[in-house]
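Database features (Swiss-Prot):
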- 8-28: transmembrane segment (TRANSMEM)
- 36-56: transmembrane segment (TRANSMEM)
- 104-124: transmembrane segment (TRANSMEM)
- 125-145: transmembrane segment (TRANSMEM)
- 160-180: transmembrane segment (TRANSMEM)
- 201-221: transmembrane segment (TRANSMEM)
- 239-259: transmembrane segment (TRANSMEM)
- 269-289: transmembrane segment (TRANSMEM)
- 298-318: transmembrane segment (TRANSMEM)
- 329-349: transmembrane segment (TRANSMEM)
- 376-396: transmembrane segment (TRANSMEM)
- 410-432: transmembrane segment (TRANSMEM)
Amino acid sequence: MIINLQQLTALLPLLIIMLTVITVILSISYNRNHFFVAVFSILGLIFALCSLYFLIEIIPINVSILFHFNSNAILYIGMILISSICTCIFSYPWLLKYPFNKEEFYLLVIISTLGAISLTISHHMASFFINIELISLPMFGLIAYSRYQKYSLESSLKYIILSGVSSSFLLFGIAWVYSISGGLDFLSIHKSFNFASEKEILVVLFGISMILLSLFFKLSIVPFHLWTPDIYQGSPTSVLSFFSTAGKISVFSVLLNFLSYFSNSDNKVIYFILSLIIILSILVGNLMALFQKDIKRFLGYTSISQIGYLLIVLLVSHKNYSFSLEASAIYLCGYLFSNIACLGIVNLISTSHINNNASSINSYRGLFWSHPLLSSVLTLVLISSAGIPMTLGFIGKFYILSIVMIEHLWLIGFAFLIGSLLGLYCYLRIILNLYLHPSKLFKRDLNIPLNWVYTPSGIVICISGIILLALGIYPNPLIGLIKCTI
């Protein structure tokens, strides 16, 4: 296969990341230098992000039968790269205290980023499966990186086993679909679904159901969510900022791309499965979050409901497909910056703790009285996650609710309302905890530096908070940008 100049330009972000991976490997082999590897990794990801500018004029474009670049893919790739950059920035102060090899952490993040970007542009089941694994395999190491902590290895082992089961379902589904379609690209599967006989359609539907089951596991939605709180609790906080954003954004992107070939509103089986999973995810995620005393487990359960809201865009008819792309992009922008800021603050507090662990919600009691700016940013982030007006989170939820109204999804709308009320109570419980007077029963062994706002992590946290507030008050620049790309 001959690749022309335009196709080579389209691959520029991937080529830059590959070059970064090779350089980091050589640096580790010859001379370990934590600072150099960290800076070079961040610069490589920034250059990859900037290279997306050169793709704007050449899209849409196919690179072989495996990859398809369009404006929507560029938007998701940008989100993934922002998440990866923030993860490397958050990880540096934590790794300074890490007693074992530090440089491999950045290598695993970059390799997983490579898989996430490749998955976003996948247009074929071969690249789809390979890139799912390319995301997951480094993630095993990242989750277990803090191996001296109590739950780290346990969480990694759980994720390895369950991820293996998920991959087996994915391969099983691909095999069933291929038996009828005779091809592995998404268009061939679409054609087999439309022109197959009644018996063959049942086989294709079963295969698609297995594929969706695997993706639902990666998105950690009900009923494939039971592993989520344990993984969140056992993983290093800086890893969670990557796991909960880049990993899920890439999987959602390929899910949206795959299902775009099928009219979910016309197919009753897929429509029913999606509707049931969405309702359960919204309600169960928020309901379980009510009873959590660990901040990481709390964020794990709320992530289930947040992805549940997002999946509503999959239920639109073809005539409203472009609006669903706009709604999902706006919602994901709010989701991305909320998670970056929230987990950045949790990481900052945890690394400042005497035991490098401040996961208990009680650790945050009265934080406002000692660190008012940090508490204010955390309050803003939680308010945005709850979907309160004047924040980007509200704009995202408003667009999702618009889809509910346009498509007349009244049962899902009722679940949306109940879930939002439960979520509001969950977030307000933590917000109020920040402004209570510090309890004498719970000693907070925190040593947060007074100049935290001038550190790289602090700058990222503050910028994320400003974005959530500014785009919540005046969202037109973001909406205009997304409309131009879609």
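We count from 1, first residue shown onward.
Quick reminder: no glycine exception, Cβ is built from N, Cα and C everywhere.
Bear in mind that the values here come from a model prediction, so they are computed numbers and not experimental data.
Same-chain residues lying 6 or more positions outside the transmembrane segment (269-289) and placing a CB less than 8 Å from one of its CB atoms are 205, 208-209, 212, 216, 221-223, 225, 229, 259, 262, 298, 301-309, 311-312, 314-315, 409, 411-412, 415-416, 418-419, 422-423, 426. Most Cβ pairs under 8 A with the transmembrane segment (8-28) among the ranges 104-124, 125-145, 201-221, 239-259, 329-349 are made by 104-124. Contact between the transmembrane segment (410-432) and the transmembrane segment (298-318) is supported: at least 3 Cβ pairs lie under 8 Å, counting only residues 6 or more apart in sequence. Annotation: stretch 376-396 has the most Cβ pairs under 8 Å to the transmembrane segment (329-349), among 36-56, 125-145, 376-396. Note on the transmembrane segment (239-259): residues 68, 72-73, 76, 79-80, 83-84, 86-87, 90-91, 109, 112-113, 115-117, 119-120, 122-123, 128, 132, 135, 139, 142-143, 145, 186, 211-212, 215, 218-220, 231-232, 270, 296, 299, 303, 307, 310, 313-314, 325, 328, 332, 335-336, 339-340, 343-344, 347 of its chain, located 6 or more positions outside it, place their CB under 8 angstroms from a CB of the stretch.
The transmembrane segment (104-124) and the transmembrane segment (36-56) are in contact, since at least 3 Cβ pairs between them lie under 8 Å (pairs 6 or more apart in sequence). If one looks beyond the transmembrane segment (125-145) by at least 6 residues along the same chain, the residues whose Cβ comes under 8 Å of a Cβ in the stretch are 66-67, 98, 104-105, 108-109, 111-112, 114-116, 118-119, 152-153, 155-157, 159-160, 163, 167, 170-171, 174, 177-178, 184-186, 189, 214, 218, 231, 234-236, 239, 242-243, 247, 250-251, 254, 258. Counting residues 6+ beyond its ends, the transmembrane segment (376-396) has Cβ neighbours under 8 Å at 302, 306, 327, 330-335, 337-338, 341-342, 345, 364, 367-368, 420, 423-424, 426-428, 430-431, 434, 461-462, 464-465, 467-469, 471-473, 475, 478 in the same chain.
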